[in-house]
Every structure is written in C-alpha cells, then in structure tokens.
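For reference, Swiss-Prot has these:
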TRANSIT   1-27  transit peptide
BINDING   Thr101, Ile102, Thr103, Arg108, Lys285, Gly335, Thr336, Val337, Thr338, Arg339, His340, Asn353  NADP(+) binding site
BINDING   Thr103, Ser120, Pro121, Asn122, Gly123, Thr124, Ile125, Arg126, Arg135, Arg158  substrate binding site
SITE      Tyr165  site 'Critical for catalysis'
SITE      Lys237  site 'Critical for catalysis'
BINDING   Asp277, Asp300  Mn(2+) binding site
Amino acid sequence: MIRASAIQRTAMLLRQLRGFSTSATLADKIKVKNPIVELDGDEMTRIIWQKIKDQLILPYLDVDLKYYDLGIESRDATDDQITIDAANAIKEYGVGVKCATITPDEARVKEFHLKKMWLSPNGTIRNILGGTVFRESIIIPCIPRLIPGWEKPIVIGRHAFGDQYKATDLVINEPGRLELRFTPASGGEAQTQKVYDYTGPGVGLAMYNTDESITGFAHASFKMALAKGLPLYMSTKNTILKKYDGRFKDIFQQIYEQDYAAEFEKQGLWYEHRLIDDMVAQMIKSKGGFVMALKNYDGDVQSDIVAQGFGSLGLMTSALMTPDGKAYEAEAAHGTVTRHYRQHQQGKETSTNSIASIFAWTRGLAQRGKLDETPDVVDFASKLEQATIDTVEVDRIMTKDLALAMGKTDRSAYVTTTEFLDAVADRLKK
C-alpha cells in the first residue's frame with residue numbers, strides 16, 4: 001500500500017512537471033468543437049507563446065490547433081506563402097490566435113539573411129481578411145493609471161485599410177505643379193485637380209479609401225459596440241477634409257440609421273460623430289466606457305495612448321474582426337520584445353509581461369465558444385483571464401514592468417517570465 005501510494009505521488013508530480021493538472025486526462029478536458037488557427041511568432045513572445053500553450057491551454061482543452069509558423073525564418077523559407085495560407089485558414093475556420101511577429105527592416109534583413117524585406121504579417125492578414133482592428137486595455141485595479149480617471153474600458157477600433165498606410169508619396173526636387181488625376185475605367189472624361197504649385201523642393205502624397213471598406217468598418221464598429229454594451233463615437237477631421245473624412249461621417253450615419261439605431265436605443269446606447277481633436281480631449285477627461293471608431297493613422301496613434309494611459313503597453317489586446325463576424329483573429333498589441341530576447345540568448349534572467357499574450361488565447365477561445373455555442377469554452381476563457389488578473393491583483397505576483405508602474409524597484413518586487421506563468425498556472429488550478 002505504501003509503495004502504491006508513493007508511485008501515485010510520483011506519477012502526480014510528473015504530470016504537474018509536464019504542465020498537466022490532475023484533471024488533465026482527455027476525458028476530463030473541455031472539448032473545443034471546431035479548430036482554432038494558431039499563428040506562431042518570433043523572439044521572446046515565441047518562447048512565452050509555447051509556455052502559455054503548454055501550461056495554460058493544452059492541459060485543460062481538447063482543441064484542434066491548425067498550426068502555422070509565422071516566425072521570420074519560416075516566412076522567408078516559404079516566400080511569405082505561410083502568412084497567406086494562415087490568413088486563408090482563419091477565413092476557413094473563423095478564429096485565429098497570433099503570436100507577435102517581426103516586421104523586418106534593413107537591419108533584420110541582414111541579421112536573418114532574408115531574401116527580401118517581407119511585408120508585415122499583420123498587414124498581409126488584414127488585406128486578406130479585411131475587417132477592423134479593435135484594441136482594448138486589460139484593466140488591473142492595482143496597476144496605477146497615468147490617467148487616474150479612467151475607470152471603464154476604452155476600445156479603439158482602427159480602420160486598418162488605406163489612408164497613409166497605402167499612400168503614394170514622393171520627394172519633389174524642383175519647381176513644378178503636383179496634380180491629382182482620376183481616369184474612369186468606363187472611358188469617361190478624366191478629372192484633374194491642382195494640388196500645389198512648388199517654387200522649390202518639397203514632398204507630396206496621395207492616398208485613398210473605398211466605400212466598401214468604410215462600410216465594412218462601420219458594421220464592425222457598430223457590432224463591437226453592441227457586443228461590449230458601450231456607446232460608439234466615430235471621429236474624423238471632416239471640417240478640414242470635407243470630402244474625404246466627410247465620406248466616413250456620412251456612411252457611418254447612414255448605416256447607423258438603417259441598421260443599428262433601434263438596437264442601440266433598446267440597449268440604452270448611442271452613436272455620435274465627433275471631431276478628432278474634441279474627442280481626444282473628451283477621452284482624457286472621461287471615465288472611459290466607450291468604443292472609438294478611428295481612421296487608420298488616428299487609430300494607430302490613439303491605441304498606444306490609451307494603452308499607456310491605462311498603465312502599460314503590455315496590457316493591451318488586439319483583435320481583427322470582419323464586418324460579418326465570420327473571421328476573428330486575436331493577438332497581443334505589443335511586439336516581439338527583442339531586448340528581453342537578447343538577454344535570454346545570453347542566459348540572463350528575463351521578466352517579460354505575458355498577460356497580453358495570454359489574453360490573445362482567451363479572446364480567441366471566447367470567440368470560438370460563442371460561434372460554436374459552447375459555453376464551457378467561453379467560461380474557461382473567462383476563468384483563465386480572471387486567474388491572470390488575480391495573480392497580479394490578489395497575489396501581487398507580477399513582472400518587472402508592472403512592478404515599476406507601481407513604483408517598486410527592488411528585485412523582490414517582481415518575478416521572472418517563467419515564474420509569472422507558473423503562478424498563473426497555480427491560480428488556474430484553484
């Protein structure tokens with residue numbers, strides 16, 4: 001009997017060391033009805049991503065992960081076809097979770113001996129799926145906010161299409177006229193407008209957007225606001241860009257009145273267009289609790305401001321959602337944490353915040369559960385999020401960035417990358 005008991009204890013210990021809980025048998029795992037597309041990434045986040053999967057996901061879920069390695073070497077070896085395949089897989093299965101990836105610059109091309117300077121994987125995926133990028137901060141009450149008044153979530157919807165990010169720009173080296181010309185495909189008369197008469201060197205730019213993309217952006221934004229139970233504000237500078245930004249304003253208003261006004265009123269919510277400068281001022285003064293629909297550049301900038309205002313860039317989720325809700329991709333809003341990865345390569349201690357990467361998994365799982373109508377999967381995602389928050393809020397176990405945000409600089413105030421994930425795993429078992 002004693003020997004049998006010792007064997008049982010040893011077996012239990014081995015399971016725990018492998019990252020499995022005592023209830024981790026296949027029969028006890030929660031069944032995820034349909035596949036999730038997993039997009040692996042680079043550097044420190046790649047290491048964290050694997051640990052999250054091994055410690056917090058696979059021990060509890062019976063899930064079919066369609067794996068695509070979007071690490072920079074894999075993208076280079078496949079001429080970036082792996083990114084295209086991954087995006088199409090998300091389109092097929094409906095839900096993807098993505099690790100942070102490197103977007104190579106000239107230095108990265110040399111470092112990895114790349115064939116070329118590959119495009120951003122996020123940009124490629126967005127172009128294939130369409131949709132809107134929504135960024136939302138993860139609120140942990142004990143983490144001081146740079147903007148103390150923010151008590152409720154602020155969700156930033158970024159129209160990730162066109163504008164400056166697909167613009168054509170040029171350097172002007174001599175006097176001359178810059179013109180904007182549109183030639184109809186129907187063969188009709190071309191339209192030409194003078195932009196500027198240069199008397200010396202300068203720069204020029206032309207950018208675009210489409211009614212189709214703006215319409216999709218509007219639908220995704222209204223649906224997100226309803227899903228979150230929050231009012232929606234659309235912000236532009238239509239007083240200056242009367243036709244360009246005015247088109248955004250008009251399309252949003254038309255779609256709201258046609259398709260969403262009744263449901264918004266039913267839920268006690270509202271939609272309003274505001275000038276971007278006025279909206280930013282109101283955002284700073286507010287208590288939070290709304291969705292902001294912003295053009296591409298504005299959304300890029302404001303999402304980082306909101307993240308830092310809530311306490312840390314490491315506490316922000318990012319989700320790409322199509323207007324019809326049939327494709328959804330979740331990821332952390334931060335990068336690959338190169339500086340920590342260099343320390344890891346040297347065998348040095350790291351204290352990297354994994355919370356946003358954990359939430360990439362949970363948000364993807366929650367969406368999968370909603371689509372599949374499997375509340376146990378949604379419930380697990382919620383429990384994992386709460387376990388992560390409680391590790392910081394209740395146990396006061398946190399990584400260095402969060403400790404510094406609380407004004408704590410002693411080494412005893414924070415734990416290593418691995419120790420934090422271990423603590424979350426322990427919390428999840430309770």
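Even glycines carry a Cβ here, placed using N, Cα and C.
Overlay of Swiss-Prot feature records on the structure.
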| residue | record | contacts (Cβ under 8 Å, 6+ apart) |
| --- | --- | --- |
| Thr101 | NADP(+) binding site | Leu39, Gly41, Asp42, Leu70, Gly71, Ile72, Pro121, Asn122, Thr336 |
| Gly123 | substrate binding site | Tyr165 |
| Arg135 | substrate binding site | Val155, Ile156, Arg158, Gly299, Ser303, Val306, Ala307, Met316, Thr317, Ser318, Ala319, Ala333 |
| Asp277 | Mn(2+) binding site | Lys237 |
| Lys285 | NADP(+) binding site | Gly149 |
| Asp300 | Mn(2+) binding site | Arg158 |
| Thr338 | NADP(+) binding site | Glu43, Met44 |
| His340 | NADP(+) binding site | Met44, Thr350, Ser351, Thr352, Thr417 |
Rounded Cα-Cα span from Ile125 (substrate binding site) to Thr103 (NADP(+) binding site), Å: 13
Where Arg135 (substrate binding site) sits in the secondary structure, as DSSP reduces it to three classes: strand
Binding-site residues listed as Thr103, Thr336, least Cβ neighbours within 10 Å: Thr103
Cβ neighbours of Ile125 (substrate binding site) where a neighbour is any other Cβ within 10 Å: 27
Sparsest-packed among the recorded positions, when each Cβ's other Cβ atoms within 10 Å are tallied, from Pro121, Tyr165: Tyr165
Diameter of the NADP(+) binding set by C-alpha atoms, the set being Thr101, Ile102, Thr103, Arg108, Lys285, Gly335, Thr336, Val337, Thr338, Arg339, His340, Asn353, in angstrom: 41
Coarse DSSP state, helix versus strand versus coil, of Lys237 (site 'Critical for catalysis'): coil
Where Thr336 (NADP(+) binding site) falls in three-state DSSP terms: coil
